[in-house]
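K.L.:
What TrEMBL records for this protein is below:
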type     : residues : note
DOMAIN   : 38-164   : domain 'SLC26A/SulP transporter'
TRANSMEM : 42-63    : transmembrane segment
TRANSMEM : 75-101   : transmembrane segment
TRANSMEM : 113-133  : transmembrane segment
TRANSMEM : 145-163  : transmembrane segment
TRANSMEM : 169-189  : transmembrane segment
DOMAIN   : 172-378  : domain 'SLC26A/SulP transporter'
TRANSMEM : 196-213  : transmembrane segment
TRANSMEM : 241-261  : transmembrane segment
TRANSMEM : 282-304  : transmembrane segment
TRANSMEM : 316-334  : transmembrane segment
TRANSMEM : 341-358  : transmembrane segment
TRANSMEM : 378-406  : transmembrane segment
């Protein structure tokens, strides 16, 4: 799907669908099949856990809740989806799309209503999975998928710009080091994922030079204790249900769209199939698990999933489990060390992930000139609304509608170039 993905050294490690099992037992067994495979899964999970921290904190702020809520949501959902999901190696956590639609609820009624909405969203997702919502994926054509990944890459990249604008010169030196390592490390060292090397080297460089640069700890206070069961203090009444239900439906739909599209993207990258119905149900169970522990709700984290799958070579449920466990350990035992990581180290990783996510062939002028014009129109209709709303679900829905209209009105037959 993406030329940079298809040609990457990590993707060359991809096994065929007949070799990489997706069942819970089979996936974990495959993770331990060889030492090199185990190393990829473990290090990939560690790299993902580090990348989760700053974005989860940022999404917590976006939703209007304490950073601890988002961080523990990510821990619980990652642990749950490792066993309940249908797409191995995919990471689910507190996500920006869900935070965006739930923020008005928190502002108007408080965090307890958000927790209740997350629980109800999980139930809705399970019901929708039973009704066959995953079958709707067949309506998402290749131009829509290209628009999805292109918009995603742009959103991931632009989200990092706030960490480099009006910052001291040392930040740009560390950024250059991080980006260079992301490209150089895979050429000479495949045993350890490049994102993990970047975090370590940039952190050591900043500490050794004494450069004062923004750190993860400055994003918000990190939690120090284990998450606990938290039953939301919401009155059991139709009035409360009327407040919660619209937000729960929005959270459920946005979460499903992003998760199923991410699963489809990982399928393309790894050349392995996955059960979208299983993934939809697993997401619902993960949201319920997160809600039980006072979580804010979430869905697939596309950028972090790309770090695990594309940059680290992870292919199994073990990497997702390791990500959740590592995040928990980091928050409980290495709170200060995590807080000392320069934000620019993670920014460097995410910028490279963003560049690799874009399907550059689809925006090549020569390809656009040769391709049927409806393909380009559908891609743009997917990209532009997504960038305008910062909501991937909006772009995908509009792109799919336009694709269907073009197919029906002009007899346009989708063909893969």
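The backbone N, Cα and C atoms fix where each Cβ goes, glycine too.
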K.L.:
Count the Cβ pairs between the transmembrane segment (113-133) and the transmembrane segment (196-213) that lie under 8 angstroms and are 6 or more residues apart in sequence, then report whether there are at least 3.
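P.N.:
As far as Cβ distances go (cut-off 8 Å, pairs 6 or more apart), the transmembrane segment (113-133) and the transmembrane segment (196-213) do not touch.
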K.L.:
Please identify the stretch among 42-63, 75-101, 341-358 with the greatest number of Cβ pairs below 8 Å relative to the transmembrane segment (241-261).
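P.N.:
Ranking 42-63, 75-101, 341-358 by Cβ pairs under 8 Å to the transmembrane segment (241-261) puts 75-101 first.
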K.L.:
Give the one range among 42-63, 282-304, 341-358, 378-406 whose Cβ atoms make the most pairs under 8 Å with those of the transmembrane segment (145-163).
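P.N.:
Most contacts with the transmembrane segment (145-163): 378-406.
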K.L.:
If you count Cβ pairs under 8 Å, which stretch among 42-63, 75-101, 282-304, 378-406 touches the transmembrane segment (316-334) the most?
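P.N.:
Answer, by Cβ pair count: 75-101.
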K.L.:
Apart from its near flanks, which chain residues at least 6 from the ends of the transmembrane segment (75-101) lie with a Cβ under 8 angstroms of it?
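P.N.:
Answer is 20, 22, 24, 27, 44, 48, 52, 55-56, 58-60, 62-63, 69, 227, 247, 250-251, 254-255, 258-259, 262-263, 266-267, 270, 274-283, 285-287, 289-290, 293, 295-301, 304-305, 308-309, 314-321, 323-325, 327-328, 331, 390-393.
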K.L.:
Return yes if the transmembrane segment (282-304) and the transmembrane segment (341-358) have at least 3 CB pairs under 8 Å (sequence gap of 6 or more), otherwise no.
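P.N.:
Result for the transmembrane segment (282-304) with the transmembrane segment (341-358) is yes.
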K.L.:
May I have the DSSP-based helix, strand and coil counts for the residues of the domain 'SLC26A/SulP transporter' (38-164)?
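P.N.:
Looking at the domain 'SLC26A/SulP transporter' (38-164) with DSSP, the answer is 107 helix, 2 strand, 18 coil.
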